[in-house]
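Just below is one structure, and these are the notes that go with it.
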Ligand SMILES: Cc1cc2nc3c(=O)[nH]c(=O)nc-3n(C[C@H](O)[C@H](O)[C@H](O)COP(=O)(O)OP(=O)(O)OC[C@H]3O[C@@H](n4cnc5c(N)ncnc54)[C@H](O)[C@@H]3O)c2cc1C
Ligand SMILES: NC(=O)c1ccc[n+]([C@@H]2O[C@H](COP(=O)([O-])OP(=O)(O)OC[C@H]3O[C@@H](n4cnc5c(N)ncnc54)[C@H](O)[C@@H]3O)[C@@H](O)[C@H]2O)c1
């Protein structure tokens with residue numbers, strides 16, 4: 001695939017003048033998961049949706065985020081799996097060109113015509129252009145040719161404009177033409193020397209990808225440990241495995257300057273005088289909701305630190321009524337694809353409940369409330385070992401002043417060891433409410449740990465105590481016996 005700059009982000013189909021309708025039941029601004037799932041549910045409820053998109057239809061996930069990054073991670077994981085069982089002869093390592101071609105097929109070569117038939121259900125209309133709320137239930141759409149249309153919603157407008165990377169203000173960085181995740185997920189070249197700034201989910205997954213593909217990677221973090229949203233035990237296990245892959249670590253580090261030299265190479269200066277020489281620098285220092293120029297100021301909506309203020313049904317309270325919603329990354333509650341899908345369900349339930357003009361009661365864990373955002377957001381970071389977590393970590397429980405008990409156990413079970421000779425042990429953790437014994441959080445760090453998570457998510461959402469979980473018998477010999485390890489470590 002050609003480099004990022006040659007991808008056509010503004011195809012000519014679905015122009016404003018191609019629309020035959022100008023009034024819809026629900027208008028979605030942004031075509032990622034909230035619109036994709038939401039429009040299909042709107043159609044199922046007998047209403048007509050339209051999806052407005054300024055770039056490729058489908059949002060970031062299929063072209064620049066989850067899908068290409070996981071497609072690039074999977075071959076390295078499969079290779080390690082194959083190496084860890086007897087009877088499979090491995091003659092070669094990864095073929096980078098073939099790995100990139102495999103990724104290209106997942107993104108449809110960044111041609112959204114491939115994905116459009118699977119987006120928004122059977123009856124959604126699409127229009128390309130920048131969408132902006134210009135009045136009560138009114139959205140103006142203008143494309144890059146200056147063509148425009150004003151749409152009206154009978155029921156609701158859903159803002160789902162996603163998020164954008166945060167670029168730190170470091171001297172020389174902007175002029176050095178840094179990569180953001182878009183360049184990293186769409187490249188077909190392995191940089192000889194890649195510096196990654198920021199060691200959250202993006203930084204650690206990208207370090208894994210490019211080190212697996214044979215690049216020299218330096219990972220710089222301002223924090224003491226990788227993956228600071230989890231407890232340090234998780235980050236330490238990922239750090240050790242990245243070091244084993246040859247990644248150079250710079251922790252508690254500060255970049256003071258970046259310079260792109262005449263020969264195209266980079267110099268990255270650190271606070272205490274050392275300089276890293278690189279061919280590219282990837283910025284993975286977090287994301288913020290994309291709220292600029294979408295009409296919020298005109299509606300008098302005070303955006304708090306770039307978060308749109310929403311209630312538990314994800315509705316923005318306005319004097320003109322309850323017709324404006326914010327779903328997915330843009331509301332800043334939990335920036336992941338699966339939460340964006342969850343938001344879509346809640347929002348459309350709320351739109352249907354308010355359709356008759358009724359004022360529905362919103363109750364915790366009811367169908368009109370995104371309650372899981374508060375208690376049970378799952379996340380899997382697809383490094384090796386995988387880090388799968390849900391609910392509270394120890395650090396988060398301490399910060400929230402909770403009275404809790406921490407239970408930890410090895411991840412090793414016969415099931416795990418049967419999957420891989422010499423299965424490298426990981427770490428499992430439960431955070432349990434000290435009084436009620438209810439599960440508040442869980443973290444699993446280990447190879448193939450991703451699918452262990454959902455049982456803990458269900459337990460947290462269901463308010464299960466670990467005394468009751470002691471009766472949930474995991475099958476032998478599966479990796480789920482890590483639950484037995486935890487139950488026994490908890491004294492049951
Ligand atoms: C490298 C990377 C890997 C990731 N991996 C995972 C993962 O494995 N699992 C996971 O759950 N999450 C992952 N995420 C996070 C995930 O990508 C986001 O949470 C998800 O894409 C959010 O969906 P969204 O629809 O809210 O926003 P987006 O996907 O950003 O979609 C918003 C859309 O709105 C459009 N838009 C913006 N403004 C306007 C406007 N004014 N008018 C019209 N259109 C507009 C944008 O062009 C975009 O297409 C990853 C993120 C990154 C960066
Ligand atoms: N597998 C997944 O679910 C997955 C994968 C990738 C991204 N995502 C989501 O995408 C979003 C963005 O991910 P991300 O990793 O960019 O953000 P993040 O906020 O998770 O991590 C950014 C890291 O950069 C560090 N940092 C900030 N400024 C820095 C600086 N100047 N120098 C060095 N380090 C600095 C922060 O301390 C933090 O650890 C997150 O919401 C994440 O959950 C999810």
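Cβ coordinates come from backbone N, Cα and C, glycine included.
286 is the residue from 108, 286, 295 that TrEMBL records in the NAD(+) site together with 198, 199, 200, 201, 202, 203, 204, 205. Close contacts with ligand 1, defined as a Cβ under 6 Å from any of its atoms, occur at none of the binding-site residues 198, 200, 286.
The binding-site residues under consideration are 198, 200, 286. Their Cβ neighbour counts within 10 Å are lowest for 286. Using the Cβ center of 198, 199, 200, 201, 202, 203, 204, 205, 286 for NAD(+), the list of other same-chain residues with Cβ within 8 Å runs, in sequence order, 196, 206, 227, 284.
Residue 198 (NAD(+) binding site) falls outside any helix or strand according to DSSP and counts as coil. Between the two most distant C-alpha atoms of the annotated FAD binders (70, 131, 161, 162, 163, 329, 335, 336, 337, 338) there are 30 Å. Highlighted here would be the recorded positions (66, 161, 337) whose C-beta falls below 6 Å from ligand 2, but none qualifies. Here the candidates are the binding-site residues 161, 200, 286, 335, 337. The one whose C-alpha lies nearest to that of residue 66 (disulfide bond) is 337. In this view, the densest Cβ surroundings among the recorded positions 66, 202, 204, 335 belong to 204, judged by other Cβ atoms lying within 10 Å.
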